[in-house]
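K.L.:
My questions will all concern the structure given below.
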Amino acid sequence: MKIHFYKYQATGNDFVIIDNRVSRLVFTKSQIEQICDRKFGVGADGLMLIERHPSLNFKLEYFNSDGSQSLCGNGSRAAVHFAATLGIVNGKSTFEAFDGPHDAQLNGEIVSIKMNNVREVKSIGDDFFINTGSPHYIRFVQDLKNYPVFEEGRKIRNSETFKPGGTNVNFLEILPNNVLFVRTYERGVEDETLSCGTGVTAAALAASLKGLTSPISIKALGGDLSIEFKKPKSSGDNGHSVMFEDIFLVGPAKMVFEGHLEL
Ligand SMILES: N[C@@H](CCC[C@H](N)C(=O)O)C(=O)O
């Protein structure tokens, strides 16, 4: 089977995207692993399918490179940019993702995604755990440039506390002028990636508990992002308490190439 694909990167988090509105292909776990394999396939952190949605601009199916599914913030930014090239998005849009609908805004190559409200930040010793559509462990460290992100991230990701699902693991260093340097070990890729959108969002929210204020500038290995958010004064929607609302993940997304893959 020959499949037309597009290769995207969003601050170095890279994706294979397929317009699946007509063909409605279904991929097995081993086919996803093969497509994302950097030696035997196209190579990517994840695979995304753009599908039709009955009322929204599109539906996004995101798969990590091991075939598992979750919300991908950077993937969502790339998908919105790609959907504009298909003509199904123009400026403002709304799409359905793993954790429900998201509003998005496209401005050139900058894409802003509205994330779901965050109700809870768990403290684990000096560390934190926040779900921003995907689960994220947060640890503040010194000298992040030289920190063993892969080794420490893999240990926490596979620890008993987070079994069976596991967690993504983010290491943070607070820099001067409200800037946060973030490196992430991603579950489902099982490696450090150059950037993780839901990860830097969780990182910024945790950093706000240490005095940083919205908007927080993020430095990731693959580029710069920005996180905006509000802390409501009292209880939020449906009477449930909300810790953070109006959360936006903002940054660039770029098409790198297109081609055909053989499965
Ligand atoms: N790279 C993503 C996160 C993708 C999902 C994650 N690996 C998980 O399985 O939880 C992002 O940009 O948010």
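Note: Cβ is positioned from N, Cα and C throughout, glycine not excepted.
TrEMBL lists Cys72 with the feature active site, proton donor. Annotation source TrEMBL lists active site, proton acceptor at Cys196. The substrate binding site feature in TrEMBL is assigned to Asn13, Asn64, Gly73, Asn74, Asn168, Glu186, Arg187, Gly197, Thr198.
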K.L.:
Would you identify the secondary structure of Asn13 (substrate binding site) according to DSSP, in three states?
P.N.:
strand
K.L.:
Reduced to three states, what secondary structure does DSSP give the residue listed as 'active site, proton donor'?
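P.N.:
The three-state answer is coil.
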K.L.:
Restricting to the chain of Arg187 (substrate binding site) and a gap of 6 or more, list residues whose Cβ falls under 8 Å of its Cβ, or answer none.
P.N.:
Asn64, Ser68, Arg157, Gly165, Gly166, Thr167, Asn168
K.L.:
In Å, rounded, how far does the Cα of Thr198 (substrate binding site) sit from the Cα of Cys72 (active site, proton donor)?
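P.N.:
Rounded to a whole number, the Cα-Cα distance is 6 Å.
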K.L.:
Return the residues near Cys196 (active site, proton acceptor) by Cβ distance under 8 Å, restricted to its own chain and a separation of at least 6 in sequence.
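P.N.:
The answer is Asn13, Gly73, Asn74, Asn168, Asn170, Val182, Thr184, Glu186, Ala220.
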K.L.:
Taking the mean position of the Cβ atoms of Asn13, Asn64, Gly73, Asn74, Asn168, Glu186, Arg187, Gly197, Thr198 as the substrate site, which residues outside that list, in the same chain, have a Cβ no more than 8 Å away, listed in sequence order?
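P.N.:
So the extra residues in range turn out to be Asp45, Gly46, Ser70, Cys72, Gly75, Ser134, Thr184, Gly188, Val189, Thr193, Cys196, Gly199.
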K.L.:
Substrate site residues Asn13, Asn64, Gly73, Asn74, Asn168, Glu186, Arg187, Gly197, Thr198: biggest Cα-Cα distance, Å?
P.N.:
15
K.L.:
Are there any residues in the same chain, six or more apart in sequence, whose C-beta is under 8 angstroms from the C-beta of the residue listed as 'active site, proton donor', and if so which?
P.N.:
Asn13, Phe15, Gly46, Met48, Tyr62, Asn64, Ala97, Phe98, Ser134, Gly197, Thr198
K.L.:
In three-state terms from DSSP, label Asn168 (substrate binding site) for me.
P.N.:
strand
K.L.:
When a 10 Å sphere is centred on the Cβ of Thr198 (substrate binding site), how many other Cβ atoms does it contain?
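P.N.:
So the Cβ neighbour count for Thr198 (substrate binding site) comes to 29.
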K.L.:
Across all protein chains in the structure, which of the binding-site residues Asn13, Asn168 has the highest Cβ count within 10 Å?
P.N.:
Asn13
K.L.:
For Gly73 (substrate binding site), list the number of other Cβ atoms lying within 10 Å of its Cβ atom.
P.N.:
29
